[in-house]
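Trainee: Residues annotated as domain 'G-protein coupled receptors family 1 profile' in TrEMBL: 70-319. Among the features that TrEMBL reports, transmembrane segment is placed at 55-79, 91-115, 127-149, 229-255, 267-288.
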Amino acid sequence: MRGCRKSPGDGEARRERRKLRSAATMEISLELGNMTRVQEFILLGLSTSPETREVLFAAFLTLYLLTLLENALIVFLVCSHTELHKPMYFFLGNLSCLEMCYVSVTMPSLLAGLWTGPCHVPFPACMTQLFFFIALICTECTLLASMAYDRYVAICRPLHYPLLMRPQVCLGLAGTSWLGGLLVSVAKTTCISSLSYCGPNVLNQFFCDVSPLLNLSCTHVALTELVDFLSAIVIFCGTLLVALASYSAIGVTVLHMPSAAARRKAFSTCTSHLVVVGIFYSAALFIYCRPSRIRSMDLNKVLSVIYTVATPMCNRVVYCLRNREVHAALFRTLRWT
């Protein structure tokens, strides 16, 4: 019986062998994980037909250059003409700077896909594009809400306008918009980049967007979808409520104005911004206020084109067509030239 007893050395040897086997198993699993982890994504873009791609490339390149030109012109006019140094044009200048960055984040990959076909994007580049896209779209939401508040103060509380919209307040609103967009983007991009992507790696989109990336993840995405949903509620729905509340108060005030001329003048200062807000939020809220994965990716791409390409180009046209101060500043600049 004594000969069958196990010595302490045998137990220690068995424990050492178990440790070695577990370490080897962990190394093998890590190697397999590194082998299967997606290193790049393939963006399918808008069209697979070569003839269609050539036409779309020319069209979107023209739209891209026009958008940059329009927004750069607005920034130049706002900075160079003292009569445009007002809160409304300050926010318009910020929005123009933002949209030059905004289209420059998404349009290069769209154009590259139309020129060469499906575009291969490394994982770090995809996450970088996603970070800037989220930051800019969140900043735009907050800037649009700030512009709606500016119109509310100008129409509903005109006597307090110089105090409520003094330069310090305008700088604070703009700075909060940019900083808030960056913070939200850090949280969302960190969650999405920490997911595992084991394949496939094909994104049915022309840029790295949230929903297509969640569709490709091979791990549980409930926490990431929750963060995405909560940020959509806070940023999109919150700023939309501010805009709706502002314009509801404006509508009540305008309806109580005694003269038709005063009502027309008040409405003329708000209609352009209201049109832009309606187009932007209609497309963006449909996509981003849904925590579940979107099935109709073709519809997703069409809506993405609306708020990443069409809206930035049309914003400047809508804002400036009926603005006499901008017209006067532009004519003086052209005459001086």
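Using the three backbone atoms N, Cα and C, a Cβ is placed for every residue, glycine included.
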Trainee: Using a Cβ distance cut-off of under 8 Å, indicate which of 55-79, 91-115, 229-255 has the most pairs with the transmembrane segment (127-149).
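Mentor: Ranked by Cβ pairs under 8 Å, first place goes to 91-115.
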Trainee: For the domain 'G-protein coupled receptors family 1 profile' (70-319), what is the mean per-residue pLDDT, to the nearest integer?
Mentor: 86
